[in-house]
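Enquirer: Below you'll find the structure I mean.
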């Protein structure tokens, strides 16, 4: 009988094997078949079997505790008996795990087609099965397989949240997305059409205001490098507009405007040019206050204001105004 660590190691070996053989014809199906044949050799358990195994596991754990933490000296015979109980407990643990591996496969198959290979789903489910066995309390009267189902599903959905999505989502959100996707498929089969958000909200118990958000989260991301078009030579990113980019016409107009402004300013006295450049941030885009400009040139606030007014008056007259008028329209 294999130990629990052997169960974990075997699933990891199957998982690694699937990655090494991706170039073979349908290697995953072959590995799943081998795995199913292996786990199918252990008979299923009834409720009485589960309780008996759980009791044996509990006794084994207590015996292991006594061996490691006993406050009283243990005789050789006592140690021998305790070691036997530990060994029997570990066998029972392995038996309980192996008898429920088919349950993991059954649940894992329900999550295929969502971005994660079946063997990876099984691996995650097996971790949930081990966790269920560690938490199982036979004295409460639950059947182990019923109790383990919740832990297996939780482990699979969390594994999917961590591994299958390019953009990871919180676990609670993944569970809601999965629930809504399942309901959406079922309602499509019943209605023969896509269900409305209102219908999905009523069926799922999720607020209608959250439905659209969850549906968006359920969509798989698309790479901007994905080839599109008839010849599939151009990447998708080439067809998406950059709303923040400056178009060619705007760039030309901006260049001409700056050139004309420089030409107009060159007709002013140097101090007038400096004051206007600082006042309107023409060089660095940062406008200065009258006080800031006054401190820089040793002028009063009112004198700076006077220079600004004089310049504005000059710019409204003659050729200077004509050159700038086009940009004010």
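Even glycines carry a Cβ here, placed using N, Cα and C.
Copied straight from Swiss-Prot:
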type     : residues : note
REGION   : 1-27     : region 'Disordered'
COMPBIAS : 1-12     : compositional bias 'Polar residues'
MOTIF    : 120-133  : motif 'Polymerase core binding'
DNA_BIND : 290-309  : DNA-binding region
Enquirer: On the DSSP side of things, how many residues of the DNA-binding region (290-309) fall into helix, strand and coil, could you say?
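Expert: Counts, helix then strand then coil: 17 helix, 0 strand, 3 coil.
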Enquirer: Please spell out the DSSP helix, strand and coil residue counts for the motif 'Polymerase core binding' (120-133).
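Expert: Going by DSSP assignments, the motif 'Polymerase core binding' (120-133) contains 14 helix, 0 strand, 0 coil.
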Enquirer: Restricting to the motif 'Polymerase core binding' (120-133), report the mean pLDDT as a whole number.
Expert: 93
